[in-house]
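*Asks:* Positions annotated as transmembrane segment by TrEMBL: 36-59, 71-95, 115-133, 154-172, 212-233, 264-288. Annotation comment: TrEMBL describes 53-321 as domain 'G-protein coupled receptors family 1 profile'.
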Amino acid sequence: MAECPSSDLNSSGLNVSSAGDLLQQTSNEQVEKLKFIAYGIISSVIIALGILGNTINLAVLTRPNLKGVTFVYLTWLAISDLMSLLVSLSSMFRLHGMQPKTYLAAVYYSHVEMPLVNAFMASSVFLVVALTVDRYFSVCLPTRFKEVHNTQRARRSIAAAYICAFLLYIPVCFQKRPVPVALGDHVEYVACDNLAVVGHTAFKAYLMVKEVLVRLGPVVLLAILNMTIIVTFRKTLKKRRDMLGMSSAGPVPSHKKYREEQRLIILLAGIVILFFISMTPAAILTILNSDDKEFHFGFQLFRAFANTLELSNYAMNFYVYCMCSSEIRRTFVALVTCSKPTPNVSSASSKPSVESNNKY
């Protein structure tokens with residue numbers, strides 16, 4: 001298998017082969033086995049489930065009965081997640097060493113693959129933030145809700161999410177370069193680190209800023225916003241139950257409805273926890289990643305763990321949102337059974353009420 005030449009990894013420029021070293025060979029075999037399990041089996045299953053889930057998600061979210069600003073966000077979120085997983089297929093081939101070794105393939109893996117997959121992933125993160133801000137206004141600032149909860153504002157936010165994501169990853173286009181590797185009577189091309197770029201102080205600073213903007217920053221922001229939403233939501237529900245309890249004309253909320261409210265609160269917290277768990281290792285990986293650790297078993301184990309977790313985040317969104325929204329569940333069942341969905345007040349309604357605007 002063609003690998004980045006040691007001259008690309010060693011400032012001395014000496015092409016020293018370690019193929020004859022038994023210990024190194026054993027380590028290489030362990031890494032190859034790890035890659036096969038992580039990327040050939042586990043990640044493939046996650047990507048397959050994610051592509052299936054997001055495809056179903058798009059089919060459900062584009063039904064005529066699911067109209068409104070919230071579902072506009074969710075539709076584009078599903079598109080970002082789906083594209084992230086589709087492009088990740090080529091990444092899995094590369095990480096497993098199964099990618100084509102032609103010059104054009106090396107150009108793609110050097111200048112297109114990493115920026116493209118990461119830009120779609122970043123757009124997904126930014127859309128989640130935009131959707132959370134929309135929900136924050138619906139619960140915590142209902143008097144200003146209509147200012148942000150409209151189709152025009154949603155379209156601007158979605159466009160900004162994609163533009164910012166793709167602009168942010170332009171420098172990554174220059175992180176690697178195609179390198180020819182002579183193997184007997186033929187030459188293969190692989191994507192290797194461009195040391196003039198990755199070793200530059202400015203690029204290292206860029207990586208830090210990028211991770212703050214794409215992963216660490218959104219984690220903190222989503223945690224603050226969602227915790228505020230949950231606390232305000234609970235206070236509003238308690239006040240409503242107290243008012244209904246004191247009113248002889250108003251029915252006391254049923255245990256079933258209370259359980260639904262509790263489930264929503266738990267799921268809101270779960271979204272933040274899932275995002276934090278899946279994004280933090282990936283942020284650390286981006287900062288530490290380097291070709292010279294290609295056969296370092298400990299690093300590759302962490303790399304596989306981080307990549308698998310991050311993929312899970314984009315693959316699981318449909319299943320999480322399906323649990324959160326009764327409208328999406330009913331529409332999905334109606335789509336599968338080819339029946340008409342049960343009419344219900346849309347959770348995407350423009351009315352700033354707690355019950356109608358706190359669901360995805």
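A Cβ is built for glycine as well, from the same backbone N, Cα and C atoms used for every other residue.
Note that the structure is a prediction, hence the values are computed from the model and not measured.
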*Asks:* Between 36-59, 71-95, 115-133, who has the most Cβ pairs under 8 Å to the transmembrane segment (212-233)?
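*Replies:* If we count Cβ pairs closer than 8 Å to the transmembrane segment (212-233), 115-133 scores highest.
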*Asks:* What average pLDDT does the predicted model assign to the domain 'G-protein coupled receptors family 1 profile' (53-321)?
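*Replies:* Mean model confidence (pLDDT) across the domain 'G-protein coupled receptors family 1 profile' (53-321) is 83.
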